[in-house]
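J.: I'd like to ask you about the structure that follows.
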């Protein structure tokens, strides 16, 4: 059966954070969602990539996926938002989009490596959910190989940057000497770890990690010489921080407007900067309306990040050449006849059988076995193993199916009994 590759989704270039946060899926949500969506889409192969900057559904299907209907029913997105922001790519356009994502060419920060890890995590979740078949398996393995190739053959990975780096960079507009400053990081995941590392390198005076799970906060805090808090303790310590980074996944604001007002009062209204890297938002956006409280979110960061793009444009152009080559290779594979897939599979199985028996023979020879006996035994086993499946198939053919028997006889140049 010939499938078509589809990509449907929402990304930072065309969808504001206020809409993207309605489409944020936790790993648990994804595991529960994929089998249900697969059943609704007539058994299509499906992978869901959900990050701060994008939610994208990848399909391999012989019919167009009915994702819009599912989104209406299972998310808070409105019909107007869906029509305005949903993108749909098919075949070559879809394949090249995935390859650009894997290489970091579609990221908020051009060439950032974090997305490849997120893509691999999404792949593992889809494998666990059982929603990946041979088409998406090949497509995503291809994308991983391409991303590795581009990293090694171009300068796309030089001077590494990330959303976390851009968030820390933004605080330079307000602070010079970090050895006199205190920072709070809300969350303990990958983005929080990057922020902590950057601040640690800047010789931050005091670093506080607040997380839902105290044990994870303690682990991160220990790695950077910081202090750990549980989330319920955050309000009591908020006034201590000059800068607060939101890096958690949460359904409610982790810092409300009232919490920020109280913190400002306790610190005699001295400057505080909030950097919200969370999707959904970690911080109440009304905080930005308060004097001496400045809030920046992912949409604000996009403006800063644009300045960093120029240094990677040349490498991106080189990467596009590899993307075209890899896309052609994958699309040529999709156009192969089913017989070619079958032949390749049969040959691969035969090669594996030969290789295993050859290794056994080498071991026997190394132990001093008689070479003639080893070769005779190997050839006997090889013959039996290669003929096992065809013989089992012949045994399974009903005697009255003369046409089937004739095809098999012709294939193996054998005579049918009269």
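Placement of Cβ uses the backbone N, Cα and C atoms for every residue, glycine included.
Not my notes, these are from Swiss-Prot:
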BINDING   51, 52, 53, 54, 107, 112, 113, 114, 118  substrate binding site
ACT_SITE  52  active site, nucleophile
SITE      97  site 'Important for activity'
BINDING   187, 188, 189, 190, 191, 192  NADP(+) binding site
J.: Starting from the NADP(+) site formed by 187, 188, 189, 190, 191, 192, give every other residue of that chain whose CB sits within 8 Å of the mean position of their CB atoms, in sequence order.
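T.: Nearby residues not in the site list: 185, 193, 194, 195, 220, 247, 248.
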J.: Which value in Å gives the longest Cα to Cα span across the substrate site residues 51, 52, 53, 54, 107, 112, 113, 114, 118 as recorded?
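T.: Largest pairwise Cα separation, rounded: 15 Å.
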J.: Can you name the residues of this chain that are 6 or more positions from residue 191 (NADP(+) binding site) yet have a C-beta less than 8 Å from its C-beta?
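T.: Expected: 52, 162, 163, 164, 247, 277.
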J.: Between the Cα atoms of residue 51 (substrate binding site) and residue 189 (NADP(+) binding site), find the distance and write it as a whole number of Å.
T.: 13
J.: Pop the Cα-Cα gap between residue 113 (substrate binding site) and residue 188 (NADP(+) binding site) into the table, whole Å please.
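T.: Approximately 19 Å lies between the Cα of residue 188 (NADP(+) binding site) and that of residue 113 (substrate binding site).
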J.: Return only the integer: C-alpha distance in Å from residue 107 (substrate binding site) to residue 190 (NADP(+) binding site).
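T.: It is 16 Å, counting Cα to Cα.
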J.: Using Cα coordinates, what distance in whole Å links residue 113 (substrate binding site) and residue 187 (NADP(+) binding site)?
T.: 20
J.: Quick one: give me the count of other CB atoms within 10 A of the CB of residue 188 (NADP(+) binding site).
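T.: Residue 188 (NADP(+) binding site): 25 neighbouring Cβ atoms within 10 Å.
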J.: Where the distance is taken from Cα to Cα, which of the recorded positions 53, 97, 118 turns out closest to residue 190 (NADP(+) binding site)?
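T.: For residue 190 (NADP(+) binding site), the closest Cα among 53, 97, 118 is found at 118.
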J.: Quick one: give me the count of other CB atoms within 10 A of the CB of residue 187 (NADP(+) binding site).
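T.: Neighbour count, Cβ to Cβ under the 10 Å cut-off: 28.
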J.: Round to a whole number and give the Cα-to-Cα distance in Å for the pair residue 189 (NADP(+) binding site) and residue 97 (site 'Important for activity').
T.: 27
J.: Fewest other Cβ atoms within 10 Å: which of the binding-site residues 51, 53, 107, 118 wins that one? Let me know.
T.: 118
J.: Hey, how far is residue 187 (NADP(+) binding site) from residue 118 (substrate binding site), Cα to Cα, in Å?
T.: 17
J.: When DSSP states are folded down to helix, strand and coil, where does residue 192 (NADP(+) binding site) land?
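T.: The residue in question, residue 192 (NADP(+) binding site), is helix (DSSP, three-state).
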